[in-house]
Amino acid sequence: MSSAPPAPRVIAVVGPTAAGKSDLGVFLAQRLGGEVVNADSMQLYRGMDIGTAKLTPEERGGVPHHLLDIWDVTVTASVAEYQRLARERIDALLAEGRWPILVGGSGLYVRGAVDNLEFPGTDPGIRARLEEELELRGPGALHARLAVADPEAARAILPSNGRRIVRALEVIEITGRPFTANLPGHDSVYDTVQIGVDVARPELHERIALRVDRMWEAGLVDEVRALEAQGLREGRTASRALGYQQVLAALAGECTLDEARAETVRATKRFARRQDSWFRRDPRVHWLSGGVADRTELPRLALSLVERPVTA
């Protein structure tokens, strides 16, 4: 007599860029009768396809993917708005008896979707003052200030990401506490299995370099040109995306396209280290090797994690 299949719950496939999260998410959705919910902040933008490594319709293997292509490039990303949209979709899938497969490397977005997080409000006066300072002094100066006020937040936020630096400093001023202190403990609102895809750094760096080369060959520069005509340069969030920021700089004559490509590789490697550090701090993540030697075993091991009771 066979046992009943496990009741649907939320699966979060996390880890650094280029680790193989998207393919694993599709596999799990196909095997479990689930649907993918995007947790990559830059894949939320319409038209940002090549540079974000967004799966093509063919690569999605017939699996519905939610929260892709929902914002214009001029829209400023909001994790609070993402939280609302993601939970709406997760709740609907669970009500239908389907497995929500959250896939992405944006750590705060993943936590916003599955954890008991409430995001502090904004103060227009503080925000305006910090944005003026950002314009005058640049993100590096504000990042240095953040490193003093909240070293953990500074480690998690790229020094070039002025928008996120401003937000962290704003929250610190509003609450009188470090930005990271406003993130509560690991208190999930859903029964969630978190699977981290782990790739050794040398191999991951090779994958990143190869991925950037393929993006250039696939037409990233033309994609950025087209999006620039739609307001990409004015978009506070989208214009900072890896690859897009570097190509925009080249199109503005600030560097060559070859230099932009090399800087995209360097910046992506730095970003991958930050992603890895973020997810390593969460004890609920069950890490599985996504290295080339273990790639064939990864789907089976992930499925076995999901199909048995998981604590933590």
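For all residues, glycine too, the Cβ spot is worked out from N, Cα and C.
Model, not experiment: these values are computed from the prediction.
Record features (Swiss-Prot):
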- Gly15, Pro16, Thr17, Ala18, Ala19, Gly20, Lys21, Ser22: ATP binding site (BINDING)
- Thr17, Ala18, Ala19, Gly20, Lys21, Ser22: substrate binding site (BINDING)
- 40-43: region 'Interaction with substrate tRNA' (REGION)
- Ser106: site 'Interaction with substrate tRNA' (SITE)
- Arg127: site 'Interaction with substrate tRNA' (SITE)
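On the structure: features taken from Swiss-Prot.
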residue: Gly15; record: ATP binding site; Cβ within 10 Å: 29
residue: Pro16; record: ATP binding site; Cβ within 10 Å: 27
residue: Thr17; record: ATP binding site; Cβ within 10 Å: 21
residue: Ala18; record: ATP binding site; Cβ within 10 Å: 24
residue: Ala19; record: ATP binding site; Cβ within 10 Å: 26
residue: Gly20; record: ATP binding site; Cβ within 10 Å: 19
residue: Lys21; record: ATP binding site; Cβ within 10 Å: 25
residue: Ser22; record: ATP binding site; Cβ within 10 Å: 22
residue: Ser106; record: site 'Interaction with substrate tRNA'; Cβ within 10 Å: 22
residue: Arg127; record: site 'Interaction with substrate tRNA'; Cβ within 10 Å: 16
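A distance of 13 Å separates the Cα atom of Ser22 (ATP binding site) from that of Ser106 (site 'Interaction with substrate tRNA'). Between the CA atoms of Lys21 (ATP binding site) and Arg127 (site 'Interaction with substrate tRNA') there is a gap of 35 Å, rounded to the nearest whole number. Taken residue by residue, the region 'Interaction with substrate tRNA' (40-43) breaks down under DSSP into 3 helix, 0 strand, 1 coil.
Between the CA atoms of Ser106 (site 'Interaction with substrate tRNA') and Ala18 (ATP binding site) there is a gap of 13 Å.
Separating the Cα atoms of Ala18 (ATP binding site) and Arg127 (site 'Interaction with substrate tRNA') is a whole-number distance of 34 Å. If you take the Cα of Thr17 (ATP binding site) and the Cα of Arg127 (site 'Interaction with substrate tRNA'), they are about 30 angstrom apart, rounded to a whole number.
When secondary structure is read from DSSP and collapsed to three states, Arg127 (site 'Interaction with substrate tRNA') falls in the helix class.
Compute the center of the Cβ atoms of Gly15, Pro16, Thr17, Ala18, Ala19, Gly20, Lys21, Ser22, which mark the site for ATP; besides them, the chain residues with Cβ within 8 Å of that center are Gly105, Val197, Val199, Gly290. Ala19 (ATP binding site) and Arg127 (site 'Interaction with substrate tRNA') have their C-alpha atoms 35 Å apart, to the nearest angstrom. Across the structure, Arg127 (site 'Interaction with substrate tRNA') and Pro16 (ATP binding site) place their CA atoms 30 angstrom apart.
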